[in-house]
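All remarks here apply to the structure that follows.
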Amino acid sequence: MDKMLLLLGVSILLSEVFAQTDLTGKVFVFPRESESDYVKLIPRLEKPLENFTLCFRTYTDLSRPHSLFSYNTKNKDNELLIYKERMGEYGLYIENLGAIVRGVEEFASPVHFCTSWESSSGIAEFWVNGIPWVKKGLKKGYTVKTQPSIILGQEQDNYGGGFDKSQSFVGEMGDLNMWDSVLTPEEIKSVYEGSWLEANILDWRTLNYEMSGYAVIRPRCVALSSYNKIS
């Protein structure tokens, strides 16, 4: 009986740490600045990326720089990184080379962010709350490598670690999806408005993840209409 209870306890603990879950209507909450709180995402990725689109929603009152999506490989720091430099300024980094985009944004307001990149042209596109921002170009002809460590809540300085709390994310993050293609403007708008478009790398409805430290899952309290109001 004791062994059965022990196994049951371990099973429950593991289910809280590692899970594949439909997170529709929910968010990851990172409630404090730290170097220990994060969520690791496990992608469905078998070959290098020649194209991608990544979308997610965030809600934070941070004014300092912070990481939004950190994708490292064993041989490359910042193989793919989304970094918020300051209010109204985002950076997309591929193999440590960055493209910075700037636009109008309200402080402490919910944000829906999308970025796409195409290897053949090197063109990166950015969308904030359904509005296209200026296109940039970087790493034409490159392919983003596989077997990544993908971290939300922290910026990796090495594979799966090297965190600095001054770069940590504090707030809510949800509706994160990643495709191995460049979505059309119509598809971006549809996703922004709350429609579901099945994603083949990371899908919020079938997400594999591991939670570490003080990161929790809660119902999303910010209505989708709130994103529409500020666009």
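Even glycines carry a Cβ here, placed using N, Cα and C.
What Swiss-Prot records for 1-19 is signal peptide.
Annotation comment: Swiss-Prot describes 24-223 as domain 'Pentraxin (PTX)'.
Counting every protein chain shown, the Cβ of Asn51 (N-linked glycosylation site) has 17 other Cβ atoms within 10 Å. Per Swiss-Prot, N-linked glycosylation site is recorded for Asn51.
Cys114 (disulfide bond) carries a strand DSSP state (E or B). Cys114 (disulfide bond) has a Cβ environment of 23 other Cβ atoms inside 10 Å. What Swiss-Prot lists as disulfide bond is Cys55-Cys114.
Under the heading Ca(2+) 1 binding site, Swiss-Prot lists Asp77, Asn78, Glu155, Gln156, Asp157, citing sequence analysis as support. Counting Cβ atoms from all protein chains shown, Asn78 (Ca(2+) 1 binding site) has 21 others lying within 10 Å of its own Cβ.
Counting every protein chain shown, the Cβ of Glu155 (Ca(2+) 1 binding site) has 25 other Cβ atoms within 10 Å. Positions annotated as Ca(2+) 2 binding site by Swiss-Prot, on the basis of sequence analysis: Glu155, Asp157, Gln167.
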* Asked: Taking the centroid of the Cβ atoms of Asp77, Asn78, Glu155, Gln156, Asp157 (Ca(2+) 1 site), which other same-chain residues have Cβ within 8 Å of it?
  -> Ser70, Asn72, Leu81, Asn158, Gly162
* Measuring CA to CA, name the entry from the recorded positions Asn51, Cys55, Cys114, Gln167 that ends up nearest Asn78 (Ca(2+) 1 binding site). => Gln167
* Mean pLDDT, the domain 'Pentraxin (PTX)' (24-223)? -> 97
* Can you figure out which of Asn51, Cys55, Cys114, Gln167 (the recorded positions) comes closest in space to Glu155 (Ca(2+) 1 binding site), comparing Cα atoms? => Gln167
* Structure fact -> Minimal Cβ count within 10 Å, across the binding-site residues Gln156, Gln167, points to Gln167
* To do: Count, for each of the binding-site residues Asp77, Asp157, the other C-beta atoms lying within 10 angstroms of its own C-beta, and report the residue with the smallest count.
  => Asp157
